[in-house]
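Novice: Take a look at this one; I'll ask things after.
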Amino acid sequence: MLHLLGQDSRALARKAGISLEDARRITGAVIGRGAPLRSARNVRRAVLDRVEALATPGELRRVACTDAKDGFRRYLLELGDGARVEAVRIPLFDTHHTVCLSSQAGCALGCSFCATGALGLARSLRAWEIVAQLLHVRADSTRPITGVVFMGQGEPFLNYDAVLEAAYTLCDPAGGRIDGRRISISTAGVVPMIRRYTAEGHKFRLCVSLNAAIPWKRRALMPIEEGFPLDELVDAVREHAAQRGRVTLEYVMIAGVNTGDEDAAALGRLLAGIPVRLNPIAVNDATGRHRPPDEAEWNAFRDALARELPGQPIVRRYSGGQDEHAACGMLSSRTR
């Protein structure tokens, strides 16, 4: 692997001082085909020498690969310094895949329902280390990869520049060739970076992990609430929605904690006038501290949400890969 793997064609052309056409050919070889740099066709040796001189060799090694009974596949990958991250291949409609990528090794946010938070933060990933995760998965897949979600280990907006660089590489027509509208970047609510993201006008889908509309409840679940409280977060979401349209809000449902009528009412008040898509998902008991709602509790909460958020899409997310710790909130770099 090469550190320049994280560059899209335009960035590579600028950094290496080469033509955009040569950069596209190199990107097409290294990222589009997953081939060695020297396999790039119709590129002069002097240009390849220049690019190779700028590149620092790097490594991303597969440690383990486990298959869940529902078709999810979890990849445990080791970086050159020994740090480990995970990527998950998600089957869609028996025809294609979405890939969940990590932006950091571990996570500093310490959300109570997330196994990654219990690891602490080892370090942020470089752009090429993010892109290389997708290349590992793609090399192992017979179906096309048509979507990417930055919902693996880490907080993407605490590694903002590398995540955006990787995302643009993944949607480069010469590189990852993934429609930018099918790339989702999720944040636990780093308000200044949400505002920066909105101001910069990026084309990727923004998802915000909300999980409670009552401040003291959210604070107990997500320590980030201390630094970036709900009112500031919702203001940033409102600004983004005004410019880009509907924002996806993720909501981890925890039995007896955030699924009552008062929680639905608080959501209705908090999100009034903001076009959102609410994605509830049952908590996965990775930490042993929480349990998911049963069907009766979910049905009651769904009905309450429909009353409090009339006209807003409420789409329950499927939680796949649980038996192999590939599901949302379960990534902990375990080998089994």
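Cβ atoms here come from the backbone N, Cα and C positions, even for glycine.
Pulled the feature table from Swiss-Prot, pasting it below:
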- E86: active site, proton acceptor (ACT_SITE)
- 93-322: domain 'Radical SAM core' (DOMAIN)
- C100-C328: disulfide bond (DISULFID)
- C107, C111, C114: [4Fe-4S] cluster binding site (BINDING)
- G154, E155, S186, S209, L210, N211: S-adenosyl-L-methionine binding site (BINDING)
- C328: active site, S-methylcysteine intermediate (ACT_SITE)
Novice: Please report the DSSP secondary structure of C107 ([4Fe-4S] cluster binding site), reduced to three states.
Specialist: coil
Novice: Could you check which of the recorded positions C100, E155, S209, C328 is the closest Cα neighbour of C107 ([4Fe-4S] cluster binding site)?
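Specialist: Smallest Cα separation from C107 ([4Fe-4S] cluster binding site) among C100, E155, S209, C328: E155.
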Novice: Using DSSP, would you call C328 (disulfide bond) helix, strand or coil?
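Specialist: The three-state answer is coil.
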Novice: Greatest CA-CA distance (Å) over the residues G154, E155, S186, S209, L210, N211 that the record ties to S-adenosyl-L-methionine?
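Specialist: Pairwise Cα check on G154, E155, S186, S209, L210, N211 gives a maximum of 17 Å.
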Novice: Expressed to the nearest Å, what is the distance separating C100 (disulfide bond) and E155 (S-adenosyl-L-methionine binding site) at their Cα atoms?
Specialist: 13
Novice: For C111 ([4Fe-4S] cluster binding site), just count the other CB atoms lying within 10 A of its CB, please.
Specialist: 21
Novice: When the Cα-Cα distance from E86 (active site, proton acceptor) is computed for each of the recorded positions C111, S209, L210, C328, which gives the smallest value?
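Specialist: Nearest by Cα distance to E86 (active site, proton acceptor): C328.
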Novice: By a simple count, how many Cβ atoms lie within 10 Å of the Cβ of C328 (disulfide bond), its own Cβ left out?
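Specialist: Excluding its own Cβ, the number within 10 Å is 27.
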Novice: Rank aside, I only need the closest one: which of the recorded positions G154, S209, N211, C328 has its C-alpha nearest to that of C114 ([4Fe-4S] cluster binding site)?
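Specialist: Going through G154, S209, N211, C328 one by one, the Cα closest to that of C114 ([4Fe-4S] cluster binding site) is C328.
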Novice: Please report the Cα separation of S186 (S-adenosyl-L-methionine binding site) and C111 ([4Fe-4S] cluster binding site) in Å, rounded to an integer.
Specialist: 14
Novice: Around L210 (S-adenosyl-L-methionine binding site), how many other CB atoms lie within 10 A of its CB?
Specialist: 27
